[in-house]
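Single-structure report; data block below.
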Amino acid sequence: MGQREMWRLMSRFNAFKRTNTILHHLRMSKHTDAAEEVLLEKKGCTGVITLNRPKFLNALTLNMIRQIYPQLKKWEQDPETFLIIIKGAGGKAFCAGGDIRVISEAEKAKQKIAPVFFREEYMLNNAVGSCQKPYVALIHGITMGGGVGLSVHGQFRVATEKCLFAMPETAIGLFPDVGGGYFLPRLQGKLGYFLALTGFRLKGRDVYRAGIATHFVDSEKLAMLEEDLLALKSPSKENIASVLENYHTESKIDRDKSFILEEHMDKINSCFSANTVEEIIENLQQDGSSFALEQLKVINKMSPTSLKITLRQLMEGSSKTLQEVLTMEYRLSQACMRGHDFHEGVRAVLIDKDQSPKWKPADLKEVTEEDLNNHFKSLGSSDLKF
């Protein structure tokens, strides 16, 4: 066998090995380790969901989605279930997002996982948003991307001082999905637009002050709060709200500190009220304050395509229902999978970690209206339907 043939054989073998590794991660396994990625327990009249991948900051997998969705639906219909609690194991994270590295690697290996993953993830986001039973998300630790989708659409979101919120998708060539187009434009003023385009991180009580959490509890009291919720007998929504309100009122950490963005809200509202990303950049340049220039520096590092998609996503989402937004975001997700920037962003941030993505196109002015329209185009029979 010649050297060239040997090289071809080795290349094929390596590709085969990569594909098998990816499939191993994504397969709907019956094995214990896959089942234990999420714990589903009935405690009295409460259904408890525990995201259980602490080594991976409870990043969301297709297997987890496929366990949570049917159980959530069952509990919603069960007359003996009065409350649903969702939390993360390990203390560091509620959920750091979807396992996007695996999705990107699968796409590169021609394993079409993304259409299934995003479809089922968004179906779950909608199920959380439409859940008829009180739904309490204990967002302690890192809560980003897919973790936001599992919490923000529910009735109650309880943050602690360890909560770290962000929608950092424009830095990896994506957009703030999982219903970001619904909840972000509904935050005060233009705060949601600012968070979406810059990926700015909010911590602790600021997650509550921004309107993302409904309550704040000191982390040392979180276990007690959960115990008190579990002790409720056939509680009404009002009973649950009362317990949460009591803990919120008693919380002490950062109680007297003002919202971290309070002094900048006027700038945020004026700079981010523009209808194009180019105008937002111009507004920040003209403002010239250290805060504005800092945000300008951040925005200039993001994927130009992602920035334009995101602004339009939020503008359109401001007048849509959650289901309409998720249908739109599914179209965007599939367009991003077909494109360059998502895979390049994952490479630069999560794989090689050189933090130097080479975006294509690299300049905002090269992202045309036609490019944008193609991202938002209907997928016909492949559209997400509820």
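Quick reminder: no glycine exception, Cβ is built from N, Cα and C everywhere.
Model, not experiment: these values are computed from the prediction.
Checking SER303, SER356 against Swiss-Prot for the annotation phosphoserine singles out SER356. The local packing around ASP177 (substrate binding site), expressed as other Cβ atoms within 10 Å of its Cβ over all shown chains, amounts to 28. For LYS92 (N6-succinyllysine), the nearest of the binding-site residues GLU121, GLY146, GLU169, ASP177 in terms of C-alpha separation is GLY146. A simple way to gauge crowding: the CB of LYS377 (N6-succinyllysine) has 12 other CB atoms within 10 angstroms, across all the protein chains here. Cβ neighbours within 10 Å of SER234 (phosphoserine), excluding its own Cβ and spanning all shown chains: 11. In the structure as shown, the Cβ atom of LYS353 (N6-succinyllysine) sits within 10 Å of 9 other Cβ atoms. When secondary structure is read from DSSP and collapsed to three states, GLU169 (substrate binding site) falls in the helix class.
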